[in-house]
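Chemist: Sharing a structure with you now.
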Amino acid sequence: MIQPLWVIIPAAGVGQRMQAKCPKQYLSLAGQTILDRTIEIFISHPLVCGVLIGIGEGDAYWPDSKWYDHEDVRIFVGGKERSDTVQKGLRSLSKILDSEQHDVLVHDAARPLLTRAALDRIITHRSAQGSILAMPVKDTVKRQLADKALVESTLDRRVIWLAQTPQKFPQKALLNALEKAEHDGMAVTDECSAMEYVGWHPDLVMGESSNIKVTLPEDLLIAEALFSYLLETNLLNSTGSNSNRECNS
Ligand SMILES: Nc1ccn([C@@H]2O[C@H](COP(=O)(O)OP(=O)(O)OP(=O)(O)O)[C@@H](O)[C@H]2O)c(=O)n1
Ligand SMILES: C[C@](O)(CO)[C@H](O)COP(=O)(O)O
């Protein structure tokens, strides 16, 4: 029996690489904000209890969200780095959960094209060491020589994957790992890195090439095209209601 779970969506970034007038999670994607589209992926899933959104200090955009007053959407103020935001979300969640053993999903607000099929894969995947969505690389992979744009070597691409989100770990174990990494000065750019730091070997669950992280200006054009494709092929999540949630909250 799969335990329904909570989702933390880090959405407190400033979107520097996007070079937009607002944080990129509030840019429009096919008529809705990127963040609203991302929330919709989860809020309509029967195995999702609720969503915690980590927003930036002084975020003036959130009140315009279509999910602003939804009963299963809660917010908290994020931190300086993505890992800080996730830590704060995990602490917020510990006040809601009746057990720290519950798994939690962490998903970037900047990944609005996750399909229901991929979400089902990670939600239903069972692993004692957590799991992440990821994709095997398709190109040949080069390692650069120190800080020079010179090729040092070619990596064996048969064993190289690109991490995506959602990433799924027990709430307390993840918080402990992030806190330890921070305490030891070990910068981490995803939840999995923190779990590896404390010796875990999480499962790699097949993601999808359409699950892009909208990061650079051109990514928005790519996301628009992918959204149209996913909509036409009915691969996006259903928007059905989710009245049959049974969760502790
Ligand atoms: N302090 C931060 C930094 C990032 N994020 C979130 O983490 C996700 C992935 O981060 P990234 O793509 O790097 O977003 P930004 O940090 O906004 O982008 P940039 O690095 O270009 O500023 C995004 O949904 C972003 O909002 C966050 O919650 N808190
Ligand atoms: C979590 C992540 O999306 C996995 O690929 C990635 O590490 C986020 O990196 P960012 O620099 O915070 O966008």
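Cβ coordinates come from backbone N, Cα and C, glycine included.
From TrEMBL, for reference:
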- ARG17: site 'Transition state stabilizer' (SITE)
- LYS24: site 'Transition state stabilizer' (SITE)
- ARG157: site 'Positions MEP for the nucleophilic attack' (SITE)
- LYS213: site 'Positions MEP for the nucleophilic attack' (SITE)
Chemist: Between ARG157 (site 'Positions MEP for the nucleophilic attack') and LYS213 (site 'Positions MEP for the nucleophilic attack'), how far is it from one CA atom to the other, in Å?
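Modeler: So the alpha carbons of ARG157 (site 'Positions MEP for the nucleophilic attack') and LYS213 (site 'Positions MEP for the nucleophilic attack') sit roughly 21 Å from each other.
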Chemist: Between the Cα atoms of LYS24 (site 'Transition state stabilizer') and LYS213 (site 'Positions MEP for the nucleophilic attack'), find the distance and write it as a whole number of Å.
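Modeler: Their Cα atoms are separated by 11 Å.
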Chemist: Taking ARG17, LYS24 as the recorded sites to compare, which has the smallest set of other Cβ atoms within 10 Å?
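Modeler: Taking ARG17, LYS24 as the recorded sites, the minimal 10 Å Cβ count falls on ARG17.
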Chemist: Provide the three-state secondary structure of LYS213 (site 'Positions MEP for the nucleophilic attack') computed with DSSP.
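Modeler: Its secondary structure by DSSP: coil.
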Chemist: Just the recorded sites from ARG17, LYS24, ARG157, LYS213 whose C-beta lies under 6 Å from any atom of ligand 2, please, or none if there are none.
Modeler: LYS213
Chemist: With the cut-off set at 10 Å between Cβ atoms, which of these recorded sites ends up with the most neighbours? Options: ARG157, LYS213.
Modeler: LYS213
Chemist: Please report the distance from the Cα of LYS213 (site 'Positions MEP for the nucleophilic attack') to the Cα of ARG17 (site 'Transition state stabilizer'), rounded to the nearest angstrom.
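Modeler: Checking the Cα atoms of LYS213 (site 'Positions MEP for the nucleophilic attack') and ARG17 (site 'Transition state stabilizer') gives a distance of 12 Å.
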Chemist: For ligand 1, pick out the recorded sites ARG17, ARG157, LYS213 that have a CB under 6 angstroms away from one of its atoms.
Modeler: ARG17, LYS213
